[in-house]
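Undergrad: For 10-422, the entry in TrEMBL reads domain 'Major facilitator superfamily (MFS) profile'. Residues annotated as transmembrane segment in TrEMBL: 58-79, 91-112, 118-139, 266-287, 302-324, 331-353, 359-386, 398-421.
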Amino acid sequence: NWSGSLILASLTGAFGSSFLYGYNLSVVNAPAAYIKKFYNETWERRYGFSVDEGTLTLLWSITVSIFAIGGLVGAIIVTPIVKFFGRKCTLVLNNVFAVAAALLMSLSLLAGSFEMLILGRIIMGIDAGISLSALPMYLSEISPKEIRGSLGQFTAIFICIGVFTGQVLGLPEIFGQVSWWIAHTGHVNWSSCVQHWQIESLEQFRVILSNINHLDKVNPSFQRFLGKDDVSHEIEEVLAESRVQRNTKLVSVLQLLRTRAVRWQIVTVVVTMGCYQLCGLNAIWYYTNNIFSESGIKHETIPYVTLSTGAVEILAAVFSGLVIERLGRRPLLIGGFGLMIVFFSVLTISLTLQNTVHWLPYLSIFCILAIIASFCIGPGGIPFVLTGEFFQQSQRPSAFMIGGTVNWLSNFAVGLLFPFIQ
(Lines of atoms letter the chains of each structure in order from A and count residues from 1; the text may use other names and numbers.)
(Lines give C-alpha, C1' and ligand atoms only; values in the text may rest on other atoms or scores of the structure.)
Protein backbone atom coordinates (compact mmCIF):
# COMPACT_ATOMS: atom_id res chain seq x y z
CA ASN A 1 0.00 0.00 0.00
CA TRP A 2 2.98 2.34 0.49
CA SER A 3 3.66 3.26 -3.14
CA GLY A 4 6.24 5.86 -4.13
CA SER A 5 3.62 8.23 -5.52
CA LEU A 6 1.54 8.01 -2.35
CA ILE A 7 4.54 8.72 -0.13
CA LEU A 8 5.72 11.61 -2.32
CA ALA A 9 2.26 13.20 -2.39
CA SER A 10 2.00 12.92 1.40
CA LEU A 11 5.50 14.24 2.04
CA THR A 12 5.15 17.27 -0.22
CA GLY A 13 1.67 18.05 1.06
CA ALA A 14 2.89 18.02 4.66
CA PHE A 15 6.18 19.79 3.89
CA GLY A 16 4.53 23.00 2.72
CA SER A 17 1.68 22.84 5.24
CA SER A 18 2.06 21.40 8.73
CA PHE A 19 5.85 21.87 8.49
CA LEU A 20 5.37 25.65 8.25
CA TYR A 21 2.99 25.58 11.22
CA GLY A 22 5.58 23.85 13.39
CA TYR A 23 8.35 26.09 12.10
CA ASN A 24 6.45 29.24 13.02
CA LEU A 25 5.69 27.89 16.49
CA SER A 26 9.36 27.68 17.39
CA VAL A 27 11.08 30.24 15.17
CA VAL A 28 10.20 33.18 17.45
CA ASN A 29 11.74 31.47 20.49
CA ALA A 30 15.50 31.80 19.89
CA PRO A 31 15.56 35.44 18.65
CA ALA A 32 13.09 36.67 21.29
CA ALA A 33 15.63 39.01 22.91
CA TYR A 34 16.66 40.45 19.53
CA ILE A 35 13.05 41.04 18.46
CA LYS A 36 12.30 42.81 21.75
CA LYS A 37 15.39 44.96 21.19
CA PHE A 38 14.11 45.78 17.70
CA TYR A 39 10.74 46.78 19.19
CA ASN A 40 12.42 49.01 21.78
CA GLU A 41 14.69 50.70 19.22
CA THR A 42 11.78 51.31 16.86
CA TRP A 43 9.66 52.75 19.68
CA GLU A 44 12.49 55.02 20.84
CA ARG A 45 13.14 56.25 17.29
CA ARG A 46 9.46 57.14 16.85
CA TYR A 47 8.58 58.62 20.22
CA GLY A 48 11.92 59.65 21.70
CA PHE A 49 11.77 57.40 24.77
CA SER A 50 12.13 53.69 25.53
CA VAL A 51 9.09 51.47 25.73
CA ASP A 52 8.07 50.48 29.25
CA GLU A 53 8.32 46.85 30.34
CA GLY A 54 4.55 46.27 30.42
CA THR A 55 4.03 47.56 26.87
CA LEU A 56 7.00 45.53 25.61
CA THR A 57 5.57 42.37 27.18
CA LEU A 58 2.19 43.13 25.60
CA LEU A 59 3.76 43.69 22.15
CA TRP A 60 5.71 40.45 22.45
CA SER A 61 2.61 38.52 23.57
CA ILE A 62 0.67 39.92 20.61
CA THR A 63 3.49 38.94 18.23
CA VAL A 64 3.40 35.37 19.49
CA SER A 65 -0.35 34.95 19.90
CA ILE A 66 -1.51 36.87 16.80
CA PHE A 67 -0.36 33.86 14.78
CA ALA A 68 -3.33 32.01 16.28
CA ILE A 69 -5.79 34.75 15.27
CA GLY A 70 -4.65 34.32 11.68
CA GLY A 71 -5.04 30.58 12.15
CA LEU A 72 -8.61 31.10 13.32
CA VAL A 73 -9.37 33.14 10.20
CA GLY A 74 -7.84 30.40 8.06
CA ALA A 75 -9.88 27.71 9.80
CA ILE A 76 -13.09 29.69 9.22
CA ILE A 77 -12.51 30.36 5.51
CA VAL A 78 -11.17 26.90 4.65
CA THR A 79 -14.63 25.41 4.02
CA PRO A 80 -15.63 27.66 1.09
CA ILE A 81 -12.08 27.52 -0.32
CA VAL A 82 -11.99 23.72 -0.27
CA LYS A 83 -15.50 23.56 -1.70
CA PHE A 84 -14.55 25.79 -4.64
CA PHE A 85 -10.96 24.73 -5.38
CA GLY A 86 -10.69 21.22 -3.92
CA ARG A 87 -8.14 19.88 -1.42
CA LYS A 88 -5.04 19.81 -3.61
CA CYS A 89 -5.53 23.24 -5.20
CA THR A 90 -6.23 24.70 -1.75
CA LEU A 91 -2.83 23.49 -0.54
CA VAL A 92 -1.13 24.90 -3.63
CA LEU A 93 -2.86 28.30 -3.56
CA ASN A 94 -2.29 28.59 0.17
CA ASN A 95 1.41 29.12 -0.54
CA VAL A 96 0.54 32.68 -1.60
CA PHE A 97 -0.13 33.52 2.06
CA ALA A 98 3.17 31.97 3.14
CA VAL A 99 5.23 33.93 0.61
CA ALA A 100 3.43 37.22 1.38
CA ALA A 101 3.97 36.72 5.12
CA ALA A 102 7.65 35.90 4.63
CA LEU A 103 8.21 39.08 2.63
CA LEU A 104 6.48 41.24 5.24
CA MET A 105 8.47 39.78 8.13
CA SER A 106 11.80 39.97 6.32
CA LEU A 107 11.29 43.59 5.28
CA SER A 108 10.08 44.74 8.71
CA LEU A 109 13.64 45.22 9.93
CA LEU A 110 14.62 47.25 6.86
CA ALA A 111 11.46 49.35 7.08
CA GLY A 112 11.79 49.84 10.83
CA SER A 113 8.21 48.68 11.37
CA PHE A 114 7.30 46.06 13.95
CA GLU A 115 3.72 46.31 12.64
CA MET A 116 4.91 44.57 9.46
CA LEU A 117 6.26 41.71 11.55
CA ILE A 118 2.96 41.37 13.40
CA LEU A 119 0.99 41.56 10.14
CA GLY A 120 3.26 38.90 8.66
CA ARG A 121 2.56 36.65 11.65
CA ILE A 122 -1.19 37.10 11.09
CA ILE A 123 -0.93 36.15 7.40
CA MET A 124 1.30 33.19 8.23
CA GLY A 125 -1.36 32.14 10.72
CA ILE A 126 -3.98 32.21 7.95
CA ASP A 127 -1.72 29.91 5.93
CA ALA A 128 -1.42 27.54 8.90
CA GLY A 129 -5.16 27.62 9.63
CA ILE A 130 -6.01 26.63 6.07
CA SER A 131 -3.31 23.97 5.80
CA LEU A 132 -4.06 22.27 9.13
CA SER A 133 -7.61 21.65 7.90
CA ALA A 134 -6.97 21.00 4.20
CA LEU A 135 -3.95 18.72 4.71
CA PRO A 136 -5.69 16.08 6.90
CA MET A 137 -8.60 16.05 4.42
CA TYR A 138 -6.15 15.61 1.55
CA LEU A 139 -4.26 12.79 3.31
CA SER A 140 -7.53 11.09 4.26
CA GLU A 141 -8.66 11.12 0.63
CA ILE A 142 -5.48 9.79 -0.98
CA SER A 143 -4.71 7.05 1.58
CA PRO A 144 -6.00 3.45 1.54
CA LYS A 145 -8.11 2.56 4.58
CA GLU A 146 -5.50 0.11 5.93
CA ILE A 147 -2.90 2.85 6.48
CA ARG A 148 -5.10 5.92 6.89
CA GLY A 149 -4.08 6.42 10.51
CA SER A 150 -0.36 6.09 9.81
CA LEU A 151 -0.54 8.41 6.82
CA GLY A 152 -2.59 10.87 8.85
CA GLN A 153 0.31 11.10 11.30
CA PHE A 154 2.33 12.87 8.60
CA THR A 155 0.59 16.03 9.85
CA ALA A 156 2.02 15.62 13.35
CA ILE A 157 5.42 14.38 12.16
CA PHE A 158 5.99 17.42 9.98
CA ILE A 159 4.80 19.78 12.70
CA CYS A 160 7.57 18.30 14.84
CA ILE A 161 10.11 18.54 12.02
CA GLY A 162 9.11 22.18 11.54
CA VAL A 163 9.60 22.91 15.25
CA PHE A 164 13.01 21.21 15.16
CA THR A 165 14.06 23.17 12.06
CA GLY A 166 13.15 26.46 13.73
CA GLN A 167 15.26 25.46 16.73
CA VAL A 168 18.24 24.52 14.55
CA LEU A 169 18.11 27.81 12.64
CA GLY A 170 18.05 29.63 15.97
CA LEU A 171 21.46 28.27 17.02
CA PRO A 172 24.10 31.03 17.22
CA GLU A 173 26.58 28.98 15.17
CA ILE A 174 24.22 28.76 12.18
CA PHE A 175 22.35 32.01 11.60
CA GLY A 176 22.63 33.89 14.86
CA GLN A 177 20.11 36.36 16.17
CA VAL A 178 20.53 39.14 13.59
CA SER A 179 20.23 36.87 10.55
CA TRP A 180 16.95 35.36 11.78
CA TRP A 181 14.87 37.48 9.40
CA ILE A 182 16.78 36.37 6.29
CA ALA A 183 16.82 32.73 7.39
CA HIS A 184 13.10 32.78 8.09
CA THR A 185 12.17 34.33 4.75
CA GLY A 186 14.36 32.08 2.63
CA HIS A 187 13.19 28.93 4.33
CA VAL A 188 9.47 29.71 4.12
CA ASN A 189 9.71 30.63 0.44
CA TRP A 190 11.76 27.53 -0.31
CA SER A 191 9.37 25.07 1.34
CA SER A 192 6.34 26.75 -0.25
CA CYS A 193 7.87 26.60 -3.74
CA VAL A 194 8.87 22.94 -3.32
CA GLN A 195 5.34 22.01 -2.27
CA HIS A 196 3.81 23.98 -5.13
CA TRP A 197 6.03 22.31 -7.75
CA GLN A 198 5.73 18.78 -6.38
CA ILE A 199 1.97 18.71 -5.80
CA GLU A 200 1.30 20.24 -9.19
CA SER A 201 3.37 17.44 -10.77
CA LEU A 202 1.33 14.73 -9.04
CA GLU A 203 -2.12 13.45 -9.86
CA GLN A 204 -4.44 13.73 -6.92
CA PHE A 205 -6.04 10.40 -6.18
CA ARG A 206 -9.63 11.64 -6.18
CA VAL A 207 -9.24 14.07 -9.06
CA ILE A 208 -9.25 10.97 -11.27
CA LEU A 209 -13.01 11.10 -10.74
CA SER A 210 -13.16 13.67 -13.53
CA ASN A 211 -12.03 10.92 -15.94
CA ILE A 212 -14.01 8.15 -14.29
CA ASN A 213 -15.83 7.36 -17.54
CA HIS A 214 -12.47 6.65 -19.21
CA LEU A 215 -11.25 3.61 -17.29
CA ASP A 216 -8.30 3.16 -19.64
CA LYS A 217 -6.89 6.41 -18.18
CA VAL A 218 -7.96 5.76 -14.60
CA ASN A 219 -6.59 2.23 -14.20
CA PRO A 220 -2.87 3.03 -14.77
CA SER A 221 -3.11 6.06 -12.47
CA PHE A 222 -4.59 3.98 -9.67
CA GLN A 223 -1.96 1.28 -10.15
CA ARG A 224 0.86 3.82 -9.91
CA PHE A 225 -0.61 5.60 -6.91
CA LEU A 226 -1.45 2.48 -4.90
CA GLY A 227 1.53 0.42 -6.03
CA LYS A 228 -0.35 -2.72 -7.08
CA ASP A 229 -1.81 -4.27 -10.23
CA ASP A 230 -5.33 -5.19 -9.08
CA VAL A 231 -7.13 -1.94 -8.31
CA SER A 232 -10.64 -3.01 -9.29
CA HIS A 233 -11.89 -2.83 -5.69
CA GLU A 234 -10.53 0.71 -5.24
CA ILE A 235 -12.04 1.88 -8.54
CA GLU A 236 -15.42 0.49 -7.54
CA GLU A 237 -15.14 2.23 -4.17
CA VAL A 238 -14.40 5.58 -5.83
CA LEU A 239 -17.23 5.06 -8.32
CA ALA A 240 -19.63 4.44 -5.44
CA GLU A 241 -18.36 7.51 -3.60
CA SER A 242 -18.65 9.58 -6.77
CA ARG A 243 -22.29 8.57 -7.20
CA VAL A 244 -23.05 9.52 -3.61
CA GLN A 245 -21.19 12.85 -3.79
CA ARG A 246 -22.95 13.91 -6.99
CA ASN A 247 -26.24 13.70 -5.12
CA THR A 248 -24.94 15.17 -1.86
CA LYS A 249 -24.16 18.80 -1.07
CA LEU A 250 -21.52 19.85 1.44
CA VAL A 251 -23.01 20.07 4.91
CA SER A 252 -22.80 23.49 6.56
CA VAL A 253 -21.58 23.99 10.11
CA LEU A 254 -25.12 24.61 11.40
CA GLN A 255 -26.43 21.53 9.61
CA LEU A 256 -23.62 19.46 11.08
CA LEU A 257 -24.31 20.75 14.59
CA ARG A 258 -28.00 19.87 14.17
CA THR A 259 -27.24 16.32 13.01
CA ARG A 260 -27.96 14.13 16.02
CA ALA A 261 -26.13 11.11 14.55
CA VAL A 262 -22.72 12.85 14.76
CA ARG A 263 -23.22 14.79 17.99
CA TRP A 264 -20.80 12.70 20.04
CA GLN A 265 -18.26 12.82 17.24
CA ILE A 266 -18.42 16.63 17.35
CA VAL A 267 -18.02 16.61 21.14
CA THR A 268 -14.99 14.33 20.80
CA VAL A 269 -13.38 16.58 18.19
CA VAL A 270 -14.01 19.74 20.26
CA VAL A 271 -12.61 18.18 23.45
CA THR A 272 -9.53 16.65 21.81
CA MET A 273 -8.75 19.82 19.83
CA GLY A 274 -9.17 21.96 22.94
CA CYS A 275 -6.92 19.66 24.96
CA TYR A 276 -4.42 19.64 22.08
CA GLN A 277 -3.70 23.32 22.79
CA LEU A 278 -4.63 23.73 26.46
CA CYS A 279 -2.56 20.78 27.69
CA GLY A 280 0.35 23.20 28.10
CA LEU A 281 2.71 22.00 25.39
CA ASN A 282 2.40 25.15 23.28
CA ALA A 283 3.62 27.15 26.26
CA ILE A 284 6.73 24.98 26.22
CA TRP A 285 7.15 25.50 22.45
CA TYR A 286 6.71 29.26 22.66
CA TYR A 287 8.76 29.92 25.78
CA THR A 288 11.21 27.03 26.09
CA ASN A 289 14.19 29.33 26.64
CA ASN A 290 12.50 31.13 29.53
CA ILE A 291 11.43 27.87 31.17
CA PHE A 292 14.95 26.45 30.97
CA SER A 293 16.40 29.71 32.27
CA GLU A 294 14.05 29.54 35.26
CA SER A 295 15.22 25.95 35.76
CA GLY A 296 18.77 27.18 36.29
CA ILE A 297 20.24 26.17 32.93
CA LYS A 298 23.15 28.35 31.78
CA HIS A 299 22.28 30.83 29.04
CA GLU A 300 24.84 29.51 26.54
CA THR A 301 23.59 25.92 27.03
CA ILE A 302 19.88 26.64 26.53
CA PRO A 303 19.79 26.50 22.67
CA TYR A 304 21.23 22.98 22.69
CA VAL A 305 18.91 21.72 25.42
CA THR A 306 16.02 23.22 23.44
CA LEU A 307 17.24 21.33 20.37
CA SER A 308 16.81 18.05 22.23
CA THR A 309 13.09 18.77 22.66
CA GLY A 310 12.64 18.94 18.89
CA ALA A 311 14.49 15.66 18.37
CA VAL A 312 12.31 13.94 20.99
CA GLU A 313 9.18 15.27 19.26
CA ILE A 314 10.17 13.80 15.90
CA LEU A 315 11.06 10.38 17.33
CA ALA A 316 7.82 10.19 19.33
CA ALA A 317 5.67 11.26 16.35
CA VAL A 318 7.32 8.70 14.06
CA PHE A 319 6.81 6.00 16.70
CA SER A 320 3.12 6.93 16.91
CA GLY A 321 2.77 6.66 13.13
CA LEU A 322 4.30 3.18 13.19
CA VAL A 323 2.08 1.76 15.95
CA ILE A 324 -1.23 3.60 15.50
CA GLU A 325 -2.79 0.92 13.29
CA ARG A 326 -1.81 -1.84 15.74
CA LEU A 327 -2.64 -0.16 19.05
CA GLY A 328 -5.54 2.00 17.88
CA ARG A 329 -6.37 5.65 18.40
CA ARG A 330 -7.96 5.46 21.85
CA PRO A 331 -5.04 3.87 23.81
CA LEU A 332 -2.52 6.31 22.34
CA LEU A 333 -4.74 9.31 23.04
CA ILE A 334 -5.64 8.37 26.62
CA GLY A 335 -2.14 7.07 27.39
CA GLY A 336 -0.50 10.24 26.07
CA PHE A 337 -2.69 12.57 28.11
CA GLY A 338 -2.31 10.35 31.18
CA LEU A 339 1.49 10.46 31.03
CA MET A 340 1.37 14.22 30.53
CA ILE A 341 -0.62 14.60 33.76
CA VAL A 342 2.03 12.63 35.66
CA PHE A 343 5.03 14.49 34.27
CA PHE A 344 3.40 17.93 34.54
CA SER A 345 2.72 17.22 38.22
CA VAL A 346 6.36 16.29 38.80
CA LEU A 347 7.51 19.35 36.80
CA THR A 348 5.38 21.66 38.97
CA ILE A 349 6.99 20.28 42.12
CA SER A 350 10.53 20.44 40.71
CA LEU A 351 10.14 24.05 39.51
CA THR A 352 8.74 25.07 42.90
CA LEU A 353 11.59 23.48 44.87
CA GLN A 354 14.45 23.92 42.41
CA ASN A 355 16.21 26.56 44.53
CA THR A 356 16.44 24.20 47.50
CA VAL A 357 17.87 21.07 45.81
CA HIS A 358 20.73 21.36 43.31
CA TRP A 359 19.70 18.43 41.06
CA LEU A 360 16.06 19.42 40.58
CA PRO A 361 16.74 21.52 37.42
CA TYR A 362 17.85 18.32 35.69
CA LEU A 363 14.61 16.63 36.76
CA SER A 364 12.74 19.59 35.24
CA ILE A 365 14.51 19.06 31.92
CA PHE A 366 13.67 15.35 31.98
CA CYS A 367 10.01 16.12 32.71
CA ILE A 368 9.84 18.58 29.81
CA LEU A 369 11.26 15.98 27.42
CA ALA A 370 8.89 13.33 28.79
CA ILE A 371 5.89 15.67 28.41
CA ILE A 372 6.82 16.35 24.79
CA ALA A 373 7.25 12.64 24.04
CA SER A 374 3.91 11.80 25.70
CA PHE A 375 2.16 14.50 23.68
CA CYS A 376 3.60 13.45 20.32
CA ILE A 377 2.86 9.76 20.86
CA GLY A 378 -0.89 10.38 20.90
CA PRO A 379 -2.48 13.82 21.42
CA GLY A 380 -0.13 15.50 18.94
CA GLY A 381 -1.61 14.01 15.78
CA ILE A 382 -4.60 11.83 16.54
CA PRO A 383 -7.18 14.70 16.82
CA PHE A 384 -6.57 15.50 13.13
CA VAL A 385 -6.88 11.82 12.19
CA LEU A 386 -10.12 11.45 14.15
CA THR A 387 -11.68 14.50 12.51
CA GLY A 388 -11.03 13.00 9.09
CA GLU A 389 -12.33 9.56 10.06
CA PHE A 390 -15.42 10.47 12.09
CA PHE A 391 -17.30 12.21 9.30
CA GLN A 392 -18.44 11.59 5.75
CA GLN A 393 -16.72 13.49 2.97
CA SER A 394 -19.60 15.98 2.67
CA GLN A 395 -19.29 16.74 6.41
CA ARG A 396 -15.50 16.96 6.71
CA PRO A 397 -14.93 20.62 5.73
CA SER A 398 -17.42 21.80 8.35
CA ALA A 399 -16.04 19.36 10.92
CA PHE A 400 -12.51 20.66 10.36
CA MET A 401 -13.83 24.21 10.59
CA ILE A 402 -15.32 23.47 14.03
CA GLY A 403 -12.20 21.67 15.21
CA GLY A 404 -9.94 24.36 13.77
CA THR A 405 -11.87 27.15 15.48
CA VAL A 406 -11.49 25.47 18.87
CA ASN A 407 -7.84 24.71 18.12
CA TRP A 408 -6.87 28.26 17.21
CA LEU A 409 -8.89 30.02 19.92
CA SER A 410 -7.15 27.83 22.50
CA ASN A 411 -3.79 28.51 20.85
CA PHE A 412 -4.38 32.26 21.04
CA ALA A 413 -5.32 32.08 24.72
CA VAL A 414 -2.12 30.19 25.57
CA GLY A 415 0.16 32.49 23.57
CA LEU A 416 -1.38 35.70 24.95
CA LEU A 417 -1.84 34.78 28.61
CA PHE A 418 1.19 32.61 29.35
CA PRO A 419 3.74 35.48 29.67
CA PHE A 420 1.54 37.23 32.23
CA ILE A 421 0.79 33.99 34.10
CA GLN A 422 4.50 33.20 34.10
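Quick reminder: no glycine exception, Cβ is built from N, Cα and C everywhere.
Predicted automatically and left uncurated, TrEMBL annotations should be read as such.
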Undergrad: To the transmembrane segment (58-79), which of 91-112, 118-139, 302-324, 331-353, 398-421 is linked by the most Cβ pairs under 8 Å?
TA: 118-139
Undergrad: What stretch of 91-112, 331-353, 359-386, 398-421 shows the most Cβ pairs under 8 Å to the transmembrane segment (302-324)?
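TA: Between the stretches 91-112, 331-353, 359-386, 398-421, 359-386 has the largest tally.
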Undergrad: Apart from its near flanks, which chain residues at least 6 from the ends of the transmembrane segment (331-353) lie with a Cβ under 8 angstroms of it?
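TA: Distant Cβ neighbours of the transmembrane segment (331-353) are 272, 275, 279-281, 294-295, 320, 323-324, 360-361, 363-364, 367-368, 370-371, 374-380, 382.
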Undergrad: In terms of Cβ proximity under 8 Å, which residues at least six beyond the ends of the transmembrane segment (398-421) contact it?
TA: 57, 60-62, 64-65, 67-69, 71-72, 74-76, 78-79, 125, 129, 132-134, 136-137, 250-253, 255-257, 265-266, 269-270, 273-274, 276-278, 280, 282-283, 286-287, 383, 387-388, 390-391
Undergrad: Determine the mean pLDDT over the domain 'Major facilitator superfamily (MFS) profile' (10-422), rounding to the nearest whole number.
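TA: Mean per-residue confidence for the domain 'Major facilitator superfamily (MFS) profile' (10-422): 78 out of 100.
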